[in-house]
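Asker: Features from TrEMBL:
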- Thr133, Asp207, Glu232, Lys262, Asp266: substrate binding site (BINDING)
- Gly298, Glu299, Val300, Gly301, Lys302, Gly303, Glu319, Asn422: NAD(+) binding site (BINDING)
- 267-428: domain 'S-adenosyl-L-homocysteine hydrolase NAD binding' (DOMAIN)
- 59-79: region 'Disordered' (REGION)
Amino acid sequence: MEHRNLHSGLKSGDFIVLNGAAVEYSKLEISRIYTTTVVESNEVNVIYFLCAESTAASYTDSSDDETSPREKGQVNSKGNSDFCVKNIKQAEFGRREIDIAEQDMSALMSLRKRAQSEKPLAGAKVVGCTHITAQTAVLVETLVALGAQCRWTACNIYSTQNEVAAALAELGVAVFAWKGESEDDFWWCIDRCVNMEGWQPNMILDDGGDLTHWIYKKYPSVFKKARGIVEESVTGVHRLYQLSKAGKLCVPAMNVNDSVTKQKFDNLYCCRESILDGLKRTTDIMFGGKQVVVCGYGEVGKGCCTALKALGAVVYVTEIDPICALQACMDGFRVMKLNEVIRQVDMVITCTGNKNVVTREQLDNMKNGCIVCNMGHSNTEIDVASLRTPELTWERVRSQVDHIIWPDGKRIVLLAEGRLLNLSCSTVPSFVLSITATTQALALIELYNAPEGRYKQDVYLLPKKMDEYVASLHLLNFDAHLTELTDEQAKYMGLNKNGPFKPNYYRY
């Protein structure tokens, strides 16, 4: 074993282990290494290091530059400056991230290939507000390939992958987002996306309703030419239905969140995997034997509970809906009120989309070391604002992890300041996001090309036929072979042989 400066003996072709991954030395710019251990190999020198600082653009939190992106004057390689990201020089790493995502998003790539020549979105000016990840970038680039002009911003201040935002900016997409935005930055980015001289959006793709809200508040004239809104979150859809009920919805809106492909795959299967990923990365917790309460037993809650139970956690559920509560009971979970278990649980996870699900009083009553996090879209579920008081101390442990310390020494572990855990603290599976992204793309195509009068100023579900089409595209990944109805069978069931196979009221 030998300890020495990393730069002293490394050459092109050597590899280092960076955050657990082997990376070729020549691909990275390493600024400072504190401790290294050299292990000799017959083929290559492998350098393991314990503590390092890297300027590698593939690591979002690695930059030492604290200058606000709003204060930087950046241009891409084409001389374009209509964007605002953390560091445009990270674009090459972002491109690699996107290439990896494409490999597991074959259905969306197939849609891009099939429709690229037809350009069904030619003339569409899409303004989007979503999580900016490698998977979202595949969607944005698909929309561009189908003829759309896009301007994009982030729906969450912590979920942006800086290198991916840079890659989109390098491509020519006007993207305004970076990880760790302030609240003021968040709204500034949305405004920059919408308020562009000589450019007015005619399609809106939203995740959470903040973009739609901002346009209603600041630029209502946009709706005179807009053809529709596509919304993918519980929170955003709820806002749209409120507008519709009040008679204030100015354009047709497509509710992607309640499409079967979104509910049953993104909400259920995605959260079933990403809840564990987010918790492990932030807390290194062992789940076996831990007592966990999951607030809400919708599709997100179901996914979280299934994953936690599988690893040996004791899981309680809180619910307001007797149907969901009965499902939880039949799945083997105790349905309780939060106050009944708050003093004993090791972890509290919210999945409701509501506000003040966890109150200050309940936070006060939690045991020392309790982990608190949110899997719903909005940051309103946990009353984080009530924790910003003089008697409580906030202690940053690591990125997206804070200790909140009470005067008596008790502390809780708050993740992502109550914002969406999986996309703030980890990543989500590309395959399942391909399902949602394909659904979003088809919803945009449907609304943009719909003849006048097909859709009124109301909220609509994606047509069942499109839901089935999205599912069929993804079956190819599993080499799955569908059974075909005979003419006699189709007649007996009153179905078209090519679908749709279920009525709109069917519950999958």
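Positions of Cβ are set from backbone N, Cα and C atoms, glycine also.
Note that TrEMBL annotation is computational and uncurated.
From a predicted model like this one, the values you see are computed outputs, not experimental measurements.
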Asker: What whole-number Å value do you get for the CA-CA distance of Glu299 (NAD(+) binding site) and Thr133 (substrate binding site)?
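Answerer: If we compare the Cα positions of Glu299 (NAD(+) binding site) and Thr133 (substrate binding site), the gap is 22 Å.
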Asker: Would you say which of the binding-site residues Gly298, Gly301, Gly303 has the most Cβ atoms within 10 Å of its own Cβ?
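Answerer: Comparing the binding-site residues Gly298, Gly301, Gly303, the most crowded Cβ belongs to Gly301.
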Asker: Across the whole of the domain 'S-adenosyl-L-homocysteine hydrolase NAD binding' (267-428), what does the mean pLDDT come to? Round it, please.
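Answerer: Averaging the confidence scores along the domain 'S-adenosyl-L-homocysteine hydrolase NAD binding' (267-428) gives 95.
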Asker: Calculate the distance in Å between the alpha carbons (Cα) of Asn422 (NAD(+) binding site) and Asp266 (substrate binding site), and round it to a whole number.
Answerer: 12
Asker: I'd like the Cβ neighbour count for Glu319 (NAD(+) binding site), meaning other Cβ atoms within 10 Å of its Cβ, all protein chains included.
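Answerer: By my count, 23.
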Asker: If I take the alpha carbons of Thr133 (substrate binding site) and Lys302 (NAD(+) binding site), what is the distance between them in whole Å?
Answerer: 24
Asker: Compared by Cα position, which of the binding-site residues Asp207, Glu232, Lys262 is the closest one to Gly298 (NAD(+) binding site)?
Answerer: Lys262
Asker: Validating a neighbour-count step here. Other CB atoms within 10 A of the CB of Lys302 (NAD(+) binding site): how many?
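Answerer: Neighbour count, Cβ to Cβ under the 10 Å cut-off: 24.
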Asker: Using the alpha carbons only, what distance in Å do you get between Lys302 (NAD(+) binding site) and Lys262 (substrate binding site) once rounded?
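Answerer: The Cα atom of Lys302 (NAD(+) binding site) is 14 Å away from the Cα atom of Lys262 (substrate binding site).
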Asker: Once the chains shown are all counted, how many other Cβ atoms turn up within 10 Å of the Cβ of Lys262 (substrate binding site)?
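Answerer: By my count, 25.
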Asker: Which of the listed binding-site residues (Thr133, Asn422) has the least company, meaning the fewest other Cβ atoms within 10 Å of its Cβ?
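Answerer: Relative to the other binding-site residues in Thr133, Asn422, Thr133 has the fewest Cβ atoms within 10 Å.
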Asker: Consider the binding-site residues Asp207, Glu232, Lys262, Asp266 and say which one has the Cα lying nearest the Cα of Gly303 (NAD(+) binding site).
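Answerer: If we rank Asp207, Glu232, Lys262, Asp266 by Cα distance to Gly303 (NAD(+) binding site), first place goes to Asp266.
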Asker: Could you tally the C-beta atoms, other than its own, that fall within 10 angstroms of the C-beta of Val300 (NAD(+) binding site)?
Answerer: 28
